[in-house]
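Record features, source TrEMBL:
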- CYS168-CYS205: disulfide bond (DISULFID)
- 48-194: domain 'Lysosome-associated membrane glycoprotein 2-like luminal' (DOMAIN)
- 214-245: domain 'Lysosome-associated membrane glycoprotein 2-like transmembrane' (DOMAIN)
- 31-55: region 'Disordered' (REGION)
- 1-29: signal peptide (SIGNAL)
- 212-235: transmembrane segment (TRANSMEM)
Amino acid sequence: MIPRRPKQPLPAALTFLLVLAVTLRPSLSSDALATTSPPAPPSPPSKPERGDYNVTNNGTACLMARMGLQLNITYLSRSQGKAVQEIINIHPNLTKHSGSCEAETASLKLTEDNTNLTFIFSLNSTTNKYHLSGLELSAKLSDMAQPLTLSNTSLDYLQGNLGYSYMCQQELTLSVGQNFSLNTFQLQVQPFGVSGDQFGSAEDCELDEDEMLIPIIVGAALAGLVLIVLFAYLIGRKRSHAGYQTI
């Protein structure tokens, strides 16, 4: 009968590593769960729907506005206990509007649930130019620690001439205060000099003018390049003919 060889004990270093691996395995799993990245924040809302908001005086439109609107506000969150930023679309089908028209001032008030947004326009009767001079916002969302009330009546946006509408197809960001800015999309507004319930001829904003200027510049550059090539070709052809001599 062959005697069995006694088992050799594992080296002390290997034994220590095995014990350490078994001991740390559960804690590594819990650490991995604890360090899992939080879910990504919700993406901003899509481009807001464009709405028509007209103010009438004796049945005739005296202020006309067509635009998509987006509120960018910062407020103290009740659930998170800190300031949070939120972007909110104004929904035309859920929004009530009202306003007033005077000789040199006009206003448009939009109301959706517990949110009120007021536009104030001013007209300079000397220069016959108008502008958006004020924006007021009051909002009470469910997660707000307290209602948000903001007002700025020293603005100078959306400048236009009496009898003309102001148009900006590009997105505009109107800064109102530290905790509020307003984004407009495909905006056309005329607060004074409305005739026949129709917008007057549109005056484009600088952003739209720049957008139209780019293809014009590119086209002009291409036309210039064609002329340069044609001119160089004609000069080269003339020189080649001058090089021939009559025998």
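Numbering starts at 1 and runs along the chain as displayed.
Placed from the backbone N, Cα and C atoms, the Cβ positions cover glycine too.
Note that TrEMBL annotation is computational and uncurated.
Model, not experiment: these values are computed from the prediction.
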CYS168 (disulfide bond): tally of other CB atoms within 10 A of its CB: 22
DSSP-assigned states of the domain 'Lysosome-associated membrane glycoprotein 2-like luminal' (48-194) in counts, ordered helix, strand, coil: 3 helix, 99 strand, 45 coil
